[in-house]
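This report refers to the structure that appears directly beneath it.
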Amino acid sequence: MAVSRITRWRLMSVIFGIKCLFLMVTLGVLLINSFTIQNIQSTPSPTTTVEFQEVSECCVCLDKWVGHQCNCYFISKEEKSWKRSRDFCASQNSSLLQPQSRNELSFMNFSQTFFWIGMHYSEKRNAWLWEDGTVPSKDLFPEFSVIRPEHCIVYSPSKSVSAESCENKNRYICKKLPI
């Protein structure tokens, strides 16, 4: 009788151990699948950005931002004053566009719209300045040297710049590094 009790307990222990092993393997498979699904869902898809985004190997931009040459651009559809445009860009952890070269905007088709960029005239320094306080390179827009206090710069469809009152309302372009 004692032998049959021991045999029963052994048999139940073996069955219980096999069930535990099966449950641990199942749990491991579920955890691996869960992490794989989370990684896929958290990776932004190139189709979540605006329709004319160029796919770049090093750009991952938020929805409604355009990726180009490892930068992200927000091209507004609404019009605001220069200051309100600057404030909007700042709220998005970006700044009004400060182009590094004339070619930087060549990938966009501007049609007939003017866009604020990050340049304004500082009466205090008697110079055109970027939003960050630096002086623009003379090579960037050599044709532009107009002195107009209380004016800011718009980028035009003809791929040139002009000065307008900062209170005028225009569309705007924000720029930031990719996520």
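Including glycine, each Cβ sits where the backbone N, Cα and C put it.
Among the features that Swiss-Prot reports, disulfide bond is placed at Cys58-Cys70 (among others). Summarising the environment of Cys70 (disulfide bond), the number of other Cβ atoms within 10 Å of its Cβ, over all protein chains shown, is 12.
The disulfide bond annotation in Swiss-Prot covers Cys61-Cys72 (among others) and is backed by sequence analysis. DSSP assigns Cys61 (disulfide bond) to coil, not to a helix or a strand.
Taken from Swiss-Prot, the feature disulfide bond covers Cys89-Cys174 (among others), and the record attributes it to sequence analysis. Remark: Cys89 (disulfide bond) has Phe74, Ser95, Leu96, Tyr172, Cys174, Lys175 as non-local neighbours, by Cβ distance under 8 Å and separation of at least 6 in sequence. Cys89 (disulfide bond) carries a helical DSSP state (H, G or I).
Per Swiss-Prot, disulfide bond is recorded for Cys152-Cys166 (among others), and the stated evidence type is sequence analysis. Sequence-distant contacts (6 or more apart, same chain, Cβ under 8 Å) of Cys152 (disulfide bond) comprise Trp82, Trp116, Met119, His120, Tyr121, Ala163, Glu164, Ser165, Cys166. According to DSSP, Cys152 (disulfide bond) is assigned to a strand segment.
Feature annotation from Swiss-Prot assigns domain 'C-type lectin' to 68-175; the stated evidence is sequence analysis.
Sequence-distant contacts of Asn93 (N-linked glycosylation site), defined by Cβ-Cβ distance under 8 angstroms and a gap of at least six in the same chain, are Lys176. Among the features that Swiss-Prot reports, N-linked glycosylation site is placed at Asn93 (among others), with the record citing sequence analysis.
The N-linked glycosylation site feature in Swiss-Prot is assigned to Asn109 (among others); the stated evidence is sequence analysis.
Across the residues of the topological domain 'Cytoplasmic' (1-10), the predicted structure has a mean pLDDT of 73. The feature topological domain 'Cytoplasmic' is assigned by Swiss-Prot to 1-10, with sequence analysis given as support.
Among the features that Swiss-Prot reports, topological domain 'Extracellular' is placed at 32-179.
Annotation comment: Swiss-Prot describes 11-31 as transmembrane segment.
Neighbour density at the Cβ, taken as the number of other Cβ atoms within 10 Å, is lowest among the disulfide-bonded residues Cys61, Cys166 for Cys166. Around the Cβ of Cys72 (disulfide bond), a 10 Å sphere holds 23 further Cβ atoms from the protein chains shown.
The two recorded residues, Cys61 (disulfide bond) and Cys70 (disulfide bond), show a Cα separation of 9 Å.
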